[in-house]
Amino acid sequence: MNLNSIPAFQDNYIWVLSNNEGRCLIVDPGEAAPVLNAIKEKNWQPEAIFLTHHHHDHVGGVKELLQHFPHVVVYGPAETQDKGTTRVVKDGDSALVLGHEFSIFATPGHTLGHICYFSHPYLFCGDTLFSGGCGRLFEGTASQMYQSLKKISALPDDTLICCAHEYTLANMKFALSILPHDSFINEYYRKVNELRAKNQITLPVILKNERKNNIFLRTEDPDLINEINKETKLQQPEERFAWLRSKKDSF
């Protein structure tokens with residue numbers, strides 16, 4: 001299997017998973033033009049589309065793509081029914097695409113109906129987890145997002161996190177504002193800074209590393225607890241997550 005990223009809009013990535021025969025899966029096509037260009041260049045044959053949630057920058061290209069490839073099956077949560085979805089899926093469902101079975105699990109927080117798709121090692125997580133960060137809470141609660149991130153963090157160490165935005169540098173600047181002396185965060189910030197200076201993608205990332213570099217996955221870490229306690233005393237990791245998310249919103 002070959003993993004490809006297609007830049008879209010200002011900072012989106014549309015992920016495409018293709019096999020050696022050229023059949024492919026497209027994830028969260030927010031616009032059609034860059035996908036159609038890549039299909040022509042690579043001679044891909046689209047088989048399916050995965051949608052993680054209903055926001056326009058993830059679904060805006062679906063209907064145009066279906067005009068070109070009407071046979072394609074579009075998987076998505078109920079909140080995407082009017083966006084071109086032809087097969088509504090929910091937590092606990094699975095999808096057989098390109099000969100691989102993808103498990104589907106609910107990750108509410110960014111939106112209430114947000115879902116993720118996982119077939120080892122690939123995780124298509126939309127706007128739930130970013131490298132160094134997590135999605136804004138547009139519809140769900142901090143508690144819901146915390147539980148969603150716990151689900152992702154429990155996946156195998158070598159899981160490839162294929163998230164939908166190039167937010168890594170900004171996320172790591174925020175992380176440094178919270179844990180300025182953390183060796184993992186400083187090292188990763190330097191690496192990300194170098195990549196972005198060359199306009200190179202920072203994704204996908206390996207979950208094992210993300211657990212070290214992403215403060216939103218470290219709410220039980222003693223160093224982070226000590227830093228948060230300098231400003232406020234919070235007993236539960238879920239409360240610490242909510243505090244971090246609120247700080248990031250105004251960073």
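Cβ coordinates come from backbone N, Cα and C, glycine included.
Residue environment of H55 (Zn(2+) 1 binding site) contains 22 other Cβ atoms, counted within 10 Å of its Cβ in all protein chains. According to Swiss-Prot, the feature Zn(2+) 1 binding site maps to H53, H55, H110, D127, an assignment based on sequence analysis.
Summarising the annotation, Swiss-Prot assigns Zn(2+) 2 binding site to D57, H58, D127, H165 and lists sequence analysis as the type of evidence. Around H165 (Zn(2+) 2 binding site), the C-beta neighbours below 8 angstroms that are at least 6 residues distant in the chain are D11, N12, Y13, D127, F130.
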Between H110 (Zn(2+) 1 binding site) and D57 (Zn(2+) 2 binding site): CA-CA distance (Å): 14
Listed in sequence order, residues not in D57, H58, D127, H165 with Cβ within 8 Å of the centre of the Zn(2+) 2 site Cβ atoms: N12, D28, G30, H53, H55, G126, A164
Reduced DSSP assignment, H165 (Zn(2+) 2 binding site): strand
Cβ-Cβ neighbours of H53 (Zn(2+) 1 binding site) (radius 10 Å): 28
